[in-house]
Ligand SMILES: Nc1nc2c(ncn2[C@@H]2O[C@H](COP(=O)(O)OP(=O)(O)OP(=O)(O)O)[C@@H](O)[C@H]2O)c(=O)[nH]1
């Protein structure tokens, strides 16, 4: 037992927190390289950022862990477990759980950019988890770097002592050893009691086709080895452990995981849903009385319909979703039918980025061209008979006569911008039905502006508008703040007199007229001329609020496209298949994919 305690004192569990692009992955790579965990050749594929898609978009989606050995200046060898955190607002809960598996965090701040919205959001998560935070000022090699200003900012805004902050360049490999020394000296060794019943935190999992779900854990008390019977406290499921291991950085089987360790468990688990992030693993026969705090069941926040362009791809689409779900318990889907689009799936996502990633993977990895409908949030609709409906698809919105009141989700949005853009941001937030909360100066040049904004307005093009109206200077973070009553209505779109269910959306009544007008204009531009005139109408209830017309094609154009010229027609069809010009036959009107997303691009 003394061995285990001695070993425990030499463990340091830490993660790296940063705003996107401040250099987290580059620093992680340098640390791996410095501690000899990887050869230079292996470094070429950034191990901590595995998926191709992640690399292309330059963001980290899936968390990972890696065990490193480091011989410190005190002559002792330490086991450093570096736990990676996903770098996007959609995954705040996962970030908070992986931080809960650590005792310390490196706070990486770009020496030229300074503190950004996500830096702050991540710092608060780290503080909530009582972590020791070690500031690292990165990118000091940049000509525009101003480490003194950024240090001062970290002191003023976050209240951290920066006298020991490491000035680093992850790119040039400067400051890496200092960072590791600080981790050893300042991050506390894990507390935990080896004699208590097993208590381990699940901070991630992934699906392996041969071994089933591999659960990533941090042992808080007790130990775990193969043959033990374990229980997941939130889901109540029990399993027998087949093997346990560590990330060195490849997965390596070990005899047991002890108090303070970070590693993985294989236990013949078939569904990632049985291993919820944040859940506590305990001994089934000798359970711990209390689970670890902080567990939350994660619910999707944004829904949209995914429909195959080719009806024959439906079964493949279901298989693709099932495969993706194996690794992603937060993705939900169920079959849905649309009279306009046919058979498809209603899918739930943690946020917009999550939605984008899944759509792209289906198209790219599974090769299924999709029509996606505009994202929707979940509305709470209270009917006159007292029943409450949760509506994630506008086409299921009940008739006005049955509705008592409707509530929609709001988020608290924090935006950091240079002073010059305060007016622009306020105008943008106001346009999005935002309510001003407060404004704080970070320093003499930048402010944090906080607004309460309906989530539905953010899922539209908020982020793009934020970036374009501030020349990219604004940074943004949000968290759900609750439901509020709103004066909402469903807007229907009729093409050629027929209602197109997949184009319906929920709108604030004050804006219905304006939105209706804009969307009709937009659709008129997007829908190509057909052989006949196509009226486009927007209506709320039975009242038509706007109307436009797509004129019929002239004869000679028609002849060119649809006359006997088969090769041209075939080319067109091929193009559609490639997804360049995705058309869906809705009634007798051909509608392009963009039309289904048109509602996202309206500025009023
Ligand atoms: N000049 C300079 N560039 C750096 C340094 N560290 C990272 N970069 C660059 O900054 C960009 C972002 O670095 P990443 O390591 O991908 O940033 P990240 O914080 O991991 O970003 P996410 O994975 O999106 O969270 C890359 O182009 C890096 O090459 C540095 O010390 N100096």
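Each residue, glycine too, has its Cβ placed from N, Cα and C.
Remember, predicted model here, so these are calculated numbers, not experimental data.
What TrEMBL records for this protein:
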DOMAIN    9-191  domain 'Tr-type G'
BINDING   21, 22, 23, 24, 25, 26, 138, 139, 140, 141  GTP binding site
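Mean pLDDT across the domain 'Tr-type G' (9-191) comes to 86 in this model. The Cβ neighbour count for residue 138 (GTP binding site), using a 10 Å radius and every protein chain shown, is 32. Ranking the binding-site residues 21, 25 by C-beta neighbours within 10 Å puts 25 at the top. When secondary structure is read from DSSP and collapsed to three states, residue 138 (GTP binding site) falls in the strand class.
Under the DSSP three-state reduction, residue 21 (GTP binding site) is assigned to coil, being neither helix nor strand. Taking every pair among 21, 22, 23, 24, 25, 26, 138, 139, 140, 141, the residues recorded as binding GTP, the greatest CA to CA distance is 17 Å.
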